[in-house]
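Heads up: the structure comes next, in structure tokens.
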Amino acid sequence: MSPDTILLRGWPAFYWTLGAGLVMSLGYRPYGHWSFTVLGLAAYFAAIRNRSAKSVFVISLLFVFAWCGTLWWWVGHSVGLVSVWLLLTSIEAVLVGFGMSATALWRNRLKPWMEPFLYAFLWIGWEQIRASFPLSGFAWLTTAVGGVDGPWSFAIHWLGEVGTGIVIALLSWLVSRLFTRDTASLWRLNAVAVSALLLLSSFILPGPAAPVAAQHLRVGVVQGGVAPPWQRSFANPGEVTKDAMTIIKASLDRGDKLDFYLMGETAYDRDPRVNGVTAELLRRATEGTNIPVVGGTNRYYRQGDVLVRANEIFISRGGRSIDTPEGGASVIYDKQIPVPYGEYIPLKSISLVLAPQLQEYIIDVIPGEGAPILDVPLDENKVRLAVGLCYEVAYARHMARGVKDGGELLYVPTNNTSFLNSDNSYQQLQILRLRAIESQRWGVQASINGISAVVDATGRVVGQTELNRSGFLAEDVGRYQHLTFAVKSAGIQYWLIVGLGLACWIAGVWSRKNGF
């Protein structure tokens, strides 16, 4: 066995791996510092180095439960089923273990300089695979999200999510050599040098930058808040909507000079296009004004004998919805990537046997189609929003598609009510910051609960509401139309790293099987 490995066994290995996962979790908001992401991943790489495939798999299971399981505990809390959290974390852990087990297949078969690339390609390749598989995958909290504030942030608009993740993984592998037994190892000296440079570069290298915006708009972000218990608030037609309309009415009465208002997902607890209560609330708040109001609702309809819904964002003006687009404008957006077990029940023949109560409160969301954009009419022209409805902001390719289709501003309407005081809203904001830097676009997270925020094109938060409180933000946001390399290459980067991740795994299996 090579001497340059920690190769802990038994309880020491258990505690080391558990600690590695917990340290990496500290790279994500609200704790958040990029150095924890690097250090945690480095400790994990050190733990699996020179291990058998079986050991790598087991270590990976524990690492993912310590890292991700502690960060997204709100998944089970939101749907009221711990089993959903357990199932989700188990799937992610198995995929990580399955992918990274290829490191054992390549053991002692690579030149030293090739090993860090193997680890990086496997880690990020399988990260992107599990972000889109099974079903719609779970793209939450990628490696790049944990490193959004790192010294490489000035290049994120070139690197994108995939490239940033590879940089972090390569650096983590180098830092992992700090945990070697051979103190005279050249690799360990390199690790010390890299660690020192990382610390220095965080003070020396510039942060992300963006061109000066040619034009600014003033946006009002409305967070109505939801009175607890939230189930009772949503059960009463108009109770949630009333708070948001009260904020808008107060803004109009003050004479706020705004170009448009942005509200959250399901800010209309009943669709005002068919419900008299919320329609009247909207009319009273905005009648007589020409300022557009953008917000979300659920539109229910039947597919055969089955009741389904569209998670929809639409635009109103002067108390009336804009249902007829003009000049090819997009005025309605239906969510395109619904959340499994949150917004639809996948594999019903199996899921309902394991958890029959799911059918009592989940009405399936039917995915929308078309470009992920909204065209908000202004007095003289329109502004095009790239829309990532709640969870969709986690998908780099989805957000890049909205920007490539002309999105000048990122708009992330969200609900976050059922997550209560968890870290979900902060994590979502951290993802939006990454998307803002990637695309060099301003971004707005508009929630009905949780937190709402405005982020500039360098990822800096310029305004933020308090957690689970009614709030209102009025901010100037820049309009951009250029495309960054990260946006233009998002699809290519995805397929390239997925191909590399799979190729490293398949080639490892094949070479081991054939004795190469």
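Glycine residues also receive a Cβ, built from the backbone N, Cα and C atoms like all the rest.
Record features (TrEMBL):
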type	residues	note
TRANSMEM	31-48	transmembrane segment
TRANSMEM	55-75	transmembrane segment
TRANSMEM	81-106	transmembrane segment
TRANSMEM	118-142	transmembrane segment
TRANSMEM	154-175	transmembrane segment
TRANSMEM	187-205	transmembrane segment
DOMAIN	217-479	domain 'CN hydrolase'
TRANSMEM	492-510	transmembrane segment
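Among residues of the same chain six or more beyond the transmembrane segment (492-510), those with a C-beta under 8 A of the stretch's C-beta atoms are 99, 102, 105-106, 118, 121-122, 124-126, 128-129, 160-163, 166, 396-397, 486. Scored on C-beta pairs under 8 angstroms, the neighbour of the transmembrane segment (55-75) with the top count among 81-106, 118-142, 154-175, 187-205 is 81-106. Residues 4, 34-35, 38, 112, 150-152, 154, 171, 174-178, 180 of the same chain lie 6 or more positions beyond the ends of the transmembrane segment (187-205) yet place their CB under 8 Å from a CB of it.
Note on the domain 'CN hydrolase' (217-479): mean pLDDT across this stretch is 93. In terms of C-beta pairs under 8 Å, the stretch of 31-48, 118-142, 154-175 lying closest in packing to the transmembrane segment (81-106) is 118-142.
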